[in-house]
Amino acid sequence: MHIFDELKDRGLIFQTTDEEALRKALEEGQVSYYTGYDPTADSLHLGHLVAILTSRRLQLAGHKPYALVGGATGLIGDPSFKDAERSLQTKDTVDGWVKSIQGQLSRFLDFENGENKAVMVNNYDWFGSISFIDFLRDIGKYFTVNYMMSKESVKKRIETGISYTEFAYQIMQGYDFFVLNQDHNVTLQIGGSDQWGNMTAGTELLRRKADKTGHVITVPLITDATGKKFGKSEGNAVWLNPEKTSPYEMYQFWMNVMDADAVRFLKIFTFLSLDEIEDIRKQFEAAPHERLAQKVLAREVVTLVHGEEAYKEALNITEQLFAGNIKNLSVKELKQGLRGVPNYQVQADEHNNIVELLVSSGIVNSKRQAREDVQNGAIYVNGDRIQDLDYVLSDADKLENELTVIRRGKKKYFVLTY
């Protein structure tokens with residue numbers, strides 16, 4: 001199957017500048033293309049993964065990727081469809097984020113092997129040395145204010161206000177495309193659908209300044225239930241950094257995908273063939289309660305992002321927590337599986353009677369409720385049901401001398417630390 005057709009069948013093409021011309025270019029030989037990643041945090045997130053994996057698919061098809069990390073544009077901030085202006089970061093902060101993101105990209109693109117091995121670039125290398133006068137004379141003169149204000153991303157900010165700094169962002173992104181075309185013969189840019197205005201600024205600059213044709217592919221944005229884009233500035237991000245979103249949390253994210261989205265996400269986020277995905281779809285629709293599509297999705301993406309061992313650990317944590325087998329997990333695994341649950345620091349001189357601890361830790365509101373819960377068998381300490389009102393937590397209940405896991409009912413977990 002032609003790579004362009006595969007991208008379409010996977011639902012990875014939202015818009016293109018000229019489908020026929022792009023298809024022809026991809027058929028005739030190796031195409032050099034780039035995707036830009038602005039360092040707005042110390043990690044990329046799930047929203048970036050769509051473009052990253054699309055870039056990887058093109059590389060596997062023989063084309064050459066350039067990964068641009070925006071050391072310069074990250075200092076400015078992209079206004080595209082943001083409700084408010086981004087906070088400006090120091091250069092030292094952005095430089096640190098650039099290094100982190102470059103390391104993450106190395107997990108997905110091959111920077112070592114073959115004539116189409118990926119190349120990492122940083123746009124600070126060309127923006128850092130350009131003067132303001134040269135910027136206006138050599139780049140700015142090719143953009144009319146009318147053209148710039150016609151972009152949807154700008155229109156949405158005109159009423160609330162947009163700084164010149166952010167207004168000029170599209171020129172900077174356009175110049176990125178121009179530089180990569182001149183220096184590396186890059187003719188295709190890939191990005192999120194919210195980037196269409198910035199990306200076509202690049203094709204316009206190529207046309208006017210160099211009389212060349214550039215191509216653009218936008219990939220669909222992944223949205224939450226409210227229709228908002230997954231990304232740091234909108235909250236609820238699923239990060240690719242395991243310190244920010246653990247492999248277990250990422251596993252749970254995919255396991256909780258709605259049935260209506262599961263097969264679509266298999267096409268977008270995995271490298272399973274379309275035939276394999278079709279077989280999974282048939283099995284899934286025949287027995288949706290078994291959640292096969294979600295299980296495969298969680299396995300494939302967690303393995304892709306964090307490795308097979310991290311996937312196995314996430315699966316084990318899931319199974320043991322579901323069964324209530326707390327003691328079968330290490331403290332490291334428990335911290336991963338119970339990240340975000342209520343936590344209470346037990347004081348050295350605090351009485352460790354179960355009833356009193358349930359109240360002092362905030363697990364229940366009163367001693368009466370605590371006694372009822374214990375007597376009714378609703379309280380578990382490290383997976384063991386406790387029904388003795390006089391039970392006192394001892395050192396034996398401190399897992400690896402660090403924590404105790406309290407469960408109230410079937411699913412409400414609490415962690416006591418020492």
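Cβ coordinates are placed from backbone N, Cα and C, and glycine is handled just like the others.
Checking the ranges 39-48, 79-88, 109-118, 149-158 against Swiss-Prot, the motif ''HIGH' region' annotation falls on 39-48. Feature annotation (Swiss-Prot): of 209-213, 229-233, 364-368, the stretch labelled motif ''KMSKS' region' is 229-233.
Summarised as a single figure, the pLDDT of the motif ''HIGH' region' (39-48) averages 89. Per DSSP, the secondary structure of the domain 'S4 RNA-binding' (352-418) breaks down as 19 helix, 20 strand, 28 coil.
All protein chains considered, the CB of Y34 (L-tyrosine binding site) has 25 other CB atoms within 10 Å. One residue stands out among the binding-site residues Y169, Q173 for having the most other Cβ atoms within 10 Å of its Cβ: Q173.
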